[in-house]
Every structure is written in C-alpha cells, then in structure tokens.
Amino acid sequence: MWSIYRKEISSFLNSLIAYLVMTVFLVTMGLLVWVFPDTGIFEYGYADLGIFFNMVPFVFMFLIPAITMKSIAEESKSGMLELLFTKPINEIKLVFGKYLAGLTLVLVTLLPTIIYYFSLRYISNPVGNVDTAGIIGAYIGLLFLASSYTAIGVFSSSLSENQIVAFIIALFFSFLLFMGFSSISSLTIFEGMSTSLDQLGMQYHYDALGKGVIDIRDVIYFISVTFIFIYATFWVLKLKKWNS
Amino acid sequence: MSIKVVNVVKQFGEQRAVKNISFEIDKGEIVGFLGRNGAGKSTTMKMITGNLPLTEGQIFVNGLDVKSELDSIKSQIGYLPEHNPLYLDMYVHEFLQFCGKVYGIKGQVLIARINEIVAQCGLLKEQNKLIGSLSKGYRQRVGLAQALLHNPSVLILDEPTTGLDPNQIIEIRELIQSISKDKTVLLSTHIMQEVQALCSRAIIIKNGEIVANETVDELTTEEQSHTIKIELADVADLSSWKEKEKILSIQKANKLTYLIKASEDIRKQIFKWAGEEGVDLVGISLEKGSMETVFQKLTKD
C-alpha cells in the first residue's frame, strides 16, 4: 500500500498536478474570502469564515474529481493494472494507496487556509472574538467531506478507462450526495420524510459539524460514506477481473 | 515441474478462448509459445500469472496452485505483458525502485540489485533517463528489468521482441538467453527463428488447442525430411539425374547449388553418382523443414 502511496505522491509532484491544484484552490479561496467585495469578509463586516466553509464544498466538488480521475482509469488503460496485480499488490492495497494519496494532496492544499483563522482573530473587534469552536468543527467537517469526495473520485475512476468519464461520474456523485438529498427533501411530495432524506446527504452532516458540535453520528456518517465507496471500488476491480 | 497446466479452459462469454489445454514445463527450460493472433497465447499466459481466473482446470507454478496460493506465487513469477506497460513519467531508477519496494526489497539491497539488473539488461547508458524518452528497444529492456528485479524462478514473456528493429531483436534475444540460465522461461512469439534460436521446445496452439508440443528438432525433421541440398565445386549438368530412381525433382537454387527432392534419404547414392560421373561435390546436407513451414502447416485453418 505504501509503495503505491509514495508513487502517487511523487507522481502528483512530478506532473505539476499538485502545484496546480494548490494554486487554483488557494487563489480562488483567497479572492473569494478576502478580495471580492460581493463575498469578502471586509465588506460583510462580521468576523466569520462562513463564506469560506460554504464555498469549499463546491470548489472541492470539481477539484477532487480532477485529482482522482486518473488514479485507476489510467493504470487500467495503460495495462499497468494487470502488471501490478501480478506483483504483490492486491485490490485493497491499490485502492487504499490511491485514496490516501489523493486525500493527502487535498489536506495539504487545505492546510495553508488555517492562516485565515489567525488573520480573522487579528482583525476582529475586540481581537480574538471569533467562533473558534465553530471553525474547528467546520474544518473537521471539511476533512471528512474531502475524504468522502476522494473515495467517490477513486471509485468513479475505477468505473471507466476514460478520465473525463471518471471526472463527470465523480462530479455527479459528489453533487448528488452533497446537495441532491437536501434539495430533493424540500420537494412537497417528500414532505413526510424530508428530515430522513436530508440526513442522507452530506450537507446536513457538514453543516452540523460546522456548528462546532462534534456529533459522533455525523462522524460515523462520513466514515461510512468513505468506506462504502472504497469497498465499492474494491468490488469493481474484483468484478472486472472475474468478468475479463 | 516449474509450470504445470492441467485441463485448462477459459470461456469469454460465448467464446471459448482456451479449450482444455495441458502442458508441463520443467525447471530451466525455455519454451516457445506459438500461435496466430487470437489463438489464446496471451490468455494462457495471463492465467499462469494469476491475472485471469480459470473457467476450468488447474495451473501450478513451482507446485503451488494459482487459484489458492497466488500470494506466494507472485514473488516467484516475472511477467512482461504484451504491450509492456510502463510509467512513462518516471525515471528508470525510480520505476525499478517502485517495483522493488512492491516486492519488499529495501534500502542498500534494493540499490545494489537495481544496479546489477540495469547492467545486466544493458541499460547503463540510458539509466538516468525518463522512461518516456527511451526508444522502444530500451523500454523493452526496462520491462525485462522489471520482470527480473525480484529474481523470479519463472519468467513469462509475452511477445518480448514484437515491434523491435532487427538489431534490437537480436539484442533482446541475447539478453533473454543470458538471463535464462537458471530460470524457467515461457515466451510467446510470432518469429520462428526466435524459437529456433532460443527455445528447447515449442508449444503450438491453434484456436485454443495445443496442436504441437515438441522439441524444435523434432518439429522440423518431421517435415519434408528428404530435401537434399548439394553444392558443387564447378558448374556441371545434373539434368540427367532426374531419371534416376527415388529422385522426384531437381531444382537449381543458384549456379552451384541444387535442391534435390527425393522419396527417401539418398545422400549415399548421390555421393556414388557424383563419383561415377566426375562431379565435384563440396557440400551435401539434408534440409530440415523450416519452423515457418511447420507453423503454417499446423496452424492453417
């Protein structure tokens, strides 16, 4: 698993993907949070990172599939997957290696934004008057969200040999799981079960964590989503082998 | 027994790609696996590496069942797939290090092993390059290095020389010969000379069935065993020989060489006739049928 992990990380660094992802993410978020008057904190007037935590799930929805789309699709297309499986690498090691590498890149990208919190503390009035617990909770939520998106991305990448197809499938699943359920739950025909439907989606649990309350149920929800997709990837690879 | 294939069947949907084949390969043998495209060579090789599940039958590598003991087999097999997949954005050493680590080889041992294998595979000159910038012949060497790195006792090479230029083919062939001294090798190819040059035995497969499993000598002598090639020192007229018994035809290959087709081995008589008629004979040999003719004959529909 670690040999795959290390290989993925060095491939991110060698192919400029890592730098590109980090630059795009940090520039976008920096502009949205601090510069653009429509969304920026200075115009808004409250010492609050709400805009950041509202935007990141949508930026990640595109960025993470872009990181993960080639992970298995390319190996499969080049025939490398077959060669790897004749070596002491099995489906579990491969999938976990790919997932962890993708997640590492996302977390490293997220890391510099911690400076936003310290900047916010400094400019708030009185100094230090920010909702620290809420921000920590939201960061934990983001971490789990990133983990789920990455698992979805790796899963989609195993479905097709075509990276663009993998990207679109990942985008679709991420969107469906994040927004889809809460949007569907607001339809009038689902009135009776709207809460349960809402709870199926990631947004509900992400918002809950963002309030600064780490509820074990939300944590379990995200870990389950991650594991379901990793497990599904494992099965897709197994089935492909059996049917080949 | 290094490789033992017992009644193996592989079904792809409706199509039966491999129909009940069995063969054995002893330790230290180099066996050529021949057949037209789509005959089931790659399929069989993939099944031996454990990459493709068998529909029926059993395969043993070094006595271990591919189905149930795959994990222990993996470190004993080196595999070079047909299209030789490589990470083109990696450096030669980087790629080999990745492969070594996968097998649990680490640190100084790995570095020493990589240096050894790089030298063995003739990659010294190109060892610091990006794999993507290497020519096809050198990529093939990297593929072989990858297959050999963990010092496996069984090598499965799927068309190792396809698409290379004639010089590269000879180089790769020599390389295979030099590395295969203490290894069992199963290699598939379309090139008949390769089988003659490299292999002790050939397994010919047609539409998923084995049609021949013999040594190269056996295969080639069976075929048209009575063509006799003679070489003369001076131009002479042999047209009268056509009337002699047992001779079917006489063909002039060039000025001084004739190919005589006969119903049996008549080399003795030819010597006698030549002596009687004062023809200076400088060479006489029984022509073996070439592997190509054997192959064509056996795999024709």
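Note: Cβ is positioned from N, Cα and C throughout, glycine not excepted.
Look at TrEMBL and you will find A:12-37 (among others) tagged as transmembrane segment.
Annotated transmembrane segment per TrEMBL: A:49-68 (among others), in sequence order.
If you look up TrEMBL, you'll see A:51-199 marked as domain 'ABC-2 type transporter transmembrane'.
Outside the transmembrane segment (A:99-120) by six or more residues, the chain places 1, 4-5, 8-9, 12, 17-18, 21-22, 25-26, 29, 33, 41, 47-49, 52, 60, 63-64, 67-68, 71, 130, 132, 135, 139, 142-143, 146-147, 149-151, 153-154, 230 with a CB less than 8 A from a CB of the stretch. As annotated by TrEMBL, transmembrane segment applies to A:99-120 (among others).
As annotated by TrEMBL, transmembrane segment applies to A:132-152 (among others).
The transmembrane segment feature in TrEMBL is assigned to A:164-190 (among others).
TrEMBL lists A:219-237 (among others) with the feature transmembrane segment.
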Same chain only, please: residues at least 6 beyond the ends of the transmembrane segment (A:12-37) with a C-beta under 8 Å from a C-beta of the stretch. Say none if there are none.
43, 49, 51-52, 55-56, 59, 63, 66-67, 101, 105, 108-110, 112-113, 116
When you scan the chain for residues with a C-beta under 8 Å from the transmembrane segment (A:219-237), skipping those not six or more beyond its ends, what do you find?
72, 81, 91-92, 94-96, 99, 144-145, 147-148, 150-152, 154-155, 158-159, 177, 202, 205, 209
Kindly report the helix/strand/coil residue split of the domain 'ABC-2 type transporter transmembrane' (A:51-199) according to DSSP, in that order.
127 helix, 0 strand, 22 coil
